[in-house]
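Chemist: One structure follows; several queries about it will come next.
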Amino acid sequence: MYSFMGGGLFCAWVGTILLVVAMATDHWMQYRLSGSFAHQGLWRYCLGNKCYLQTDSIAYWNATRAFMILSALCAISGIIMGIMAFAHQPTFSRISRPFSAGIMFFSSTLFVVLALAIYTGVTVSFLGRRFGDWRFSWSYILGWVAVLMTFFAGIFYMCAYRVHECRRLSTPR
């Protein structure tokens with residue numbers, strides 16, 4: 001059980017760090033505009049060496065940002081539950097902490113996938129046509145790696161829960 005929780009906690013830390021870095025950086029998309037390179041993130045866009053805030057209140061930007069923030073909150077809550085799973089205190093005895101951590105990481109995964117799907121759909125269908133020479137960049141790729149890490153954190157915590165339940169049910173009363 002502890003090895004599953006340790007693996008889950010490792011994946012959780014890495015996934016959450018990648019998620020926060022992806023959300024905070026400005027390299028989701030790179031393109032060429034008027035002969036110079038430009039790049040953009042969720043919060044800013046940069047032309048040359050000068051960056052500007054994204055002040056447009058466009059629905060897909062707001063949805064992508066909201067889902068990324070929800071994902072980060074779920075991942076942080078999952079880490080807290082995952083750390084609490086190592087303690088054997090009788091508080092919250094009706095709620096399994098590894099199970100709760102697993103649910104939080106699956107929720108985080110769902111929110112990241114929704115954010116990346118919205119961003120991908122809009123970028124390919126609208127922005128891709130607007131800018132001829134463009135590509136997704138490293139911040140966006142970190143988001144997809146965070147999907148894998150939070151998903152595997154959820155898997156590890158669900159395995160830890162299953163092992164714990166099997167042991168609990170097999171011990172005589």
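The backbone N, Cα and C atoms fix where each Cβ goes, glycine too.
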Chemist: Would Swiss-Prot have ASP56 on the same side of the membrane as VAL163?
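Modeler: VAL163 and ASP56, as annotated in Swiss-Prot, occupy opposite sides of the membrane (different topological domains).
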Chemist: List, in sequence order, the same-chain residues at least six positions removed whose CB sits under 8 Å from that of TRP43 (C-linked glycosylation site)?
Modeler: ALA24, ASP26, LEU53, GLN54, ARG65
